[in-house]
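Asker: Relevant sequence annotations retrieved from TrEMBL are reproduced here:
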ACT_SITE  Asp147  active site, proton donor/acceptor
BINDING   Asn8, Glu383  Mg(2+) binding site
BINDING   Lys15, His207, Leu208, Gly209, Asn210, Gly211, Asp283, Met284, Arg285, Gly330, Ile331, Gly332, Glu333, Asn334  ATP binding site
BINDING   Arg90  substrate binding site
SITE      His179  site 'Transition state stabilizer'
SITE      Arg240  site 'Transition state stabilizer'
Amino acid sequence: MSKTIAINAGSSSLKWQLYTMPEEVVVAKGIVERIGLNDSIFTIKYGEGDKYEVVKDIVDHETAIHMLLDQLTELNIIESLEEITGAGHRIVAGGEHFKESAIIDDAALKLVDELAEFAPLHNPAEAKVIRVFQKLLPNTLNVGVFDTSFHTTMPDVNYLYSIPMEYYDEFGARKYGAHGTSHRYVSERAAEMLGKPLEETKIITCHLGNGASITAVDGGKSIDTSMGFTPLAGLTMGTRSGDIDASLLPYLMDKLNITDIKEMVDILNKKSGLLGLSGVSSDMRDLLEAQETDSRAKVAIEIFEDRVRKYIGSYVATMNGVDAIVFTAGIGENDVEMRRNVINGLTWFGCELDEEKNNVRGDERFISTDDSKVKVLLIPTDEELMIARDVETLKNN
Ligand code: ADP
C-alpha cells in the first residue's frame, strides 16, 4: 500500500508521521530529539499503542533518517522502503517564489538553500534532510510544503512595511508570515464546519502555541498575518517579544553595553515574551499555575490575551467583517480561561461564548452560543495531514 511520510525537521530535531494514502490513516509517528547532542532520543509510536524508544548519540540528521528507515521495516510497520512513495517536507521560508507546495527537484532545492537568508536556522537543515531522502529513497517523490506559501496572497498594502520602497525591491524586505499550513488547515476546516463555501467566508485564525500568529483569511486567502519578515513580529509569544518600537533597540543596547545587534535580536527572540515578562517560564501552563501568587505571571497572561484581542479587532477592520474566529495550537486548543477572556472582550463585535462548550480541551467544536453572530471555533491543527495531502495532490498531477 502507498505510504507518505510528513517530515518536520528543525535544527536539532526531526518529527515525522507516516500515512497510508489516500486513506489518510496514520500508521506510525515519531520524533528524534537532541540530534547532534549527547543522549539523543529516538521515539516511534505505532500499532495499537506500541512504542519504541532508544536513547543514544545521534550525530546528524542523516543518521537519524537511517535509523528511522531501518526501524520502520524492523518493527514491521512497512514491508519494504518501496512502499514510501511520497515525502512531504515542512520548509520554513519559501519567500515570494513558492506560492504553493512544490515538487523538490535539484533546481527547487537550490532555491530552498538560497532562501536560507530568511530562515538561517531552518532552511539549511530542511534542505539537508531532503538530500538524505533523495539518496536513501531515490524513487520517492519529495515535496516541499512552505510555512510562507499561504500568505503569498497578501496584498501589497498588507505585506509592505512603511520604509523606503527600494528595500523591498532590492532586498525583499517585506512581511512573509509563518504557520501558513496551520492557518490553511483550520480555515478550510472552519468553512466546512460553518457549512459555507470557503470563498464566501471571512475567518480569523488564531494559532497560539509557543510561537503564535493570527491571520485574516478572506474567501480562503490570507490577506494579512501578524508575523512579519520573520516570526519575531506580532503577538506576545513564549519567548518572542512580538511587536515593539524599533527605537528601543539602540536605546537598550546602549544601556546594556551590547554592541552586536544580533545579540539584541537574540534577546527579543529567546528571552522575551511570556518568559521575559514573567521571569517564571515561557510555558503558559506554568504561568497559569503561578498567577495566583505571582503578579508578573499574571500580567504576562493579561498582555498575551490583550495582544490576541487587539489583532482580532484589527482584522475585523481589515476584512470589514468576520464570520468566525478559530482557536488552535497548544494554548488555543487547551487554555479555556484565555479563550474566555479574549472572547468576552469582543462581545461588541457580536461574539458570544458558550461557557459550557468552551470548557473543553482539544476537542473540535463550536464554542460560541447558537445565537452568536460571529461563530467561535476550537479546531485542533493538523499540519502533518495537510503536508500528506499536498504530496498526494502533486503525486496525482
Ligand atoms: P509549539 O509552537 O512548540 O508547537 P504548542 O502548539 O505545542 O507549541 O503549544 C505549546 C504551548 O501550549 C505552551 O505554552 C503550553 O503551556 C501550552 N499549553 C499546553 N497545554 C495547555 C493547557 N492545558 N493550558 C494552557 N496552556 C497549555
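Glycine is treated like the rest: Cβ placed from N, Cα and C.
TrEMBL does not curate its annotations; it predicts them automatically.
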Asker: Within 10 Å of Asn210 (ATP binding site) by C-alpha distance: pick out those among the recorded positions Asn8, Asp147, His179, Arg240, and say none if nothing qualifies.
Answerer: Arg240
Asker: Can you tell me which of the recorded positions Arg90, His179, Arg240, Glu383 is spatially closest to Arg285 (ATP binding site)? Compare CA atoms only.
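Answerer: Considering only the listed recorded positions, the nearest one is Arg240.
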Asker: Near His179 (site 'Transition state stabilizer'), which residues of its chain come within a Cβ-Cβ distance under 8 Å, counting only those 6 or more away in sequence?
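Answerer: Within the chain, His179 (site 'Transition state stabilizer') has Cβ neighbours under 8 Å at Asp147, His207, Gly211, Ser213, Thr215, Thr225, Met227.
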Asker: For ligand 1, which among the binding-site residues Asn8, Lys15, Leu208, Arg285, Glu333, Glu383 have a CB under 6 Å from it?
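Answerer: From Asn8, Lys15, Leu208, Arg285, Glu333, Glu383, counting a Cβ under 6 Å from ligand 1 as near, the near ones are Arg285.
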Asker: Give the maximum pairwise CA distance in Å, whole number, for the residues Lys15, His207, Leu208, Gly209, Asn210, Gly211, Asp283, Met284, Arg285, Gly330, Ile331, Gly332, Glu333, Asn334 listed as binding ATP.
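Answerer: Per the listed residues, the maximum Cα distance equals 23 Å.
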Asker: Reported as an integer number of Å, what is the Cα distance between Glu333 (ATP binding site) and Asn8 (Mg(2+) binding site)?
Answerer: 21
Asker: Starting from each candidate's C-beta and looking 10 angstroms out, tell me which of the binding-site residues Lys15, Arg90, Arg285 has the most other C-beta atoms.
Answerer: Arg90
Asker: Cα-Cα separation of Ile331 (ATP binding site) and Glu383 (Mg(2+) binding site), in Å?
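Answerer: Glu383 (Mg(2+) binding site) has its Cα 16 Å from the Cα of Ile331 (ATP binding site).
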Asker: Within a 10 Å radius of its Cβ, which of these recorded positions (Asp147, Asp283, Glu333, Glu383) has the fewest neighbouring Cβ atoms?
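Answerer: Looking at the recorded positions Asp147, Asp283, Glu333, Glu383, the Cβ with the fewest others within 10 Å is that of Asp283.
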Asker: Rounded to an integer, what is the Cα-Cα distance in Å between Asp283 (ATP binding site) and Glu383 (Mg(2+) binding site)?
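Answerer: That separation, Cα to Cα, works out to 21 Å.
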Asker: May I ask for the distance between Lys15 (ATP binding site) and Asn8 (Mg(2+) binding site), taken between their Cα atoms and rounded to an integer number of Å?
Answerer: 5
Asker: Fewest other Cβ atoms within 10 Å: which of the binding-site residues Asn8, Asn210 wins that one? Let me know.
Answerer: Asn210
